[in-house]
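S.K.: What Swiss-Prot shows for this protein is this:
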type	residues	note
ACT_SITE	17	active site
BINDING	20, 47, 48, 49, 67, 90, 138, 139, 140	ATP binding site
SITE	20	site 'Important for catalytic activity'
BINDING	50, 90, 226	Mg(2+) binding site
C-alpha cells in the first residue's frame, strides 16, 4: 500500500478536530485538578484558552500549544499541511508569532507504508517553512491509526496577549473562514464530495491564519479565538462565559459551505457536533427562522478553522476590508457583543 493508492479517511474512525474528546468529558477530567501556581504563568489551564503563556521577562513571553488528530482528507501531503496549519493557528489566535515546532506522530507501521508518513511530514514541514517556523524534533508511537500534529512554541509581548475573555459590549465579531469542514470531511469519507469542493476546502484548511493575525494587529481587537473542534458556538460560548456578556449572531451573515447544509439535511453530521451541542447548547437561543441544518452547522467541529475576532465597532468595516485585501475574501461581520442577555448567544 503506497501514498498514491491509499485513502486515508478510510483507515480511521474519526476525522480531524471532530475526533476530539467530547467537551463535557474533558471538563470532567480536568475539573478540580490541583494546578501549580506560578506568577509568571499568564494564561494556563484555569481558562479554556487557545494556548498557554509563560512570562520570561518584562517584554517577552512564551506561547505554547499542541494539536494533533487523525486525517480528514485522503491525500497524505495535504493532511500534513492541514495538521500543521491547525496547530500553528493557536499561536496566531493569541496574538503571538510561532517560532519552533515538534512533530507528534502516531503511525500504523504494520498496515501502512512508511512513504505515507514521509508525505505527511513533508506537508507539515512545508507549511512550517511558509510560517517561518523551525522544526526542532518530534516524537512517534506505533498506533492502530495515523495521527499527526505539532507542539508549537511562539513569542509574544506580555502586555499584548489576546485571550477569549475580554469581549466588550458593542464589539463586532468577525469570522475569517467558512464553516462546515466537519460535515464536508464526513462527506469526503463517504465518497460524496466532488473534487472541486474537496480542493476548495483543502485550500481553506491549509491556509495559515497568519495573515489574519497580522492584519488584526493594526486594529483595536479586544479578544480572539480560532474556531476548531468545539465548533463556532462552542468556542463562542467560552468567550461569552469568560467575558460575562452576551452575543447576537446573524445567521445569514455567517460564511459557510452551502454543500454542508445539504449534507446536514441528509444526516451526514460528525458525532462531535452532537457532543458540542450537548455541552454548550444551554447557552444558545435560536430564532424560529434558523433552520435545524444551520443549527447543526454552527455546532459542527471545524478543522483548521478561521479566527473569530472581537473588534471595536467603529473599526469593523475597515478590518473586514483589510482582511479582504490580503486575500481573505470570506471575512465578514457575523454578530455583535451585547450587555444582555448575560452569558447567552442569540442566533437570529
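Note that Cβ sites are derived from N, Cα and C of the backbone, with glycine treated the same way.
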S.K.: How far is it from residue 140 (ATP binding site) to residue 226 (Mg(2+) binding site), counting Cα to Cα, in Å?
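M.R.: Cα to Cα, residue 140 (ATP binding site) and residue 226 (Mg(2+) binding site) are separated by 27 Å.
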S.K.: With DSSP assignments reduced to helix, strand and coil, which class does residue 50 (Mg(2+) binding site) get?
M.R.: coil
S.K.: Could you tally the C-beta atoms, other than its own, that fall within 10 angstroms of the C-beta of residue 67 (ATP binding site)?
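M.R.: Looking across every protein chain shown, the total is 24.
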S.K.: Is any of the binding-site residues 20, 48, 67, 138 within 10 Å of residue 90 (Mg(2+) binding site) (Cα-Cα), and if so, which, in sequence order?
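M.R.: Candidates kept after distance check: 67.
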S.K.: Measure between the Cα atoms of every pair in 20, 47, 48, 49, 67, 90, 138, 139, 140, the residues the record assigns to ATP, and report the largest value in Å, rounded to a whole number.
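M.R.: Spelled out: the longest distance between any two Cα atoms in 20, 47, 48, 49, 67, 90, 138, 139, 140 is 29 Å.
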S.K.: Round to the nearest Å and give the CA-to-CA distance linking residue 20 (ATP binding site) with residue 226 (Mg(2+) binding site).
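M.R.: Cα-Cα, rounded: 15 Å.
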S.K.: Hey, for the Mg(2+) site built from 50, 90, 226, who else sits with CB inside 8 A of the CB center?
M.R.: 49, 51, 65, 89, 91, 92, 93, 94, 225, 228
S.K.: Counting across all protein chains present, how many other Cβ atoms fall within 10 Å of the Cβ of residue 138 (ATP binding site)?
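M.R.: So the number of other Cβ atoms within 10 Å of residue 138 (ATP binding site) is 15.
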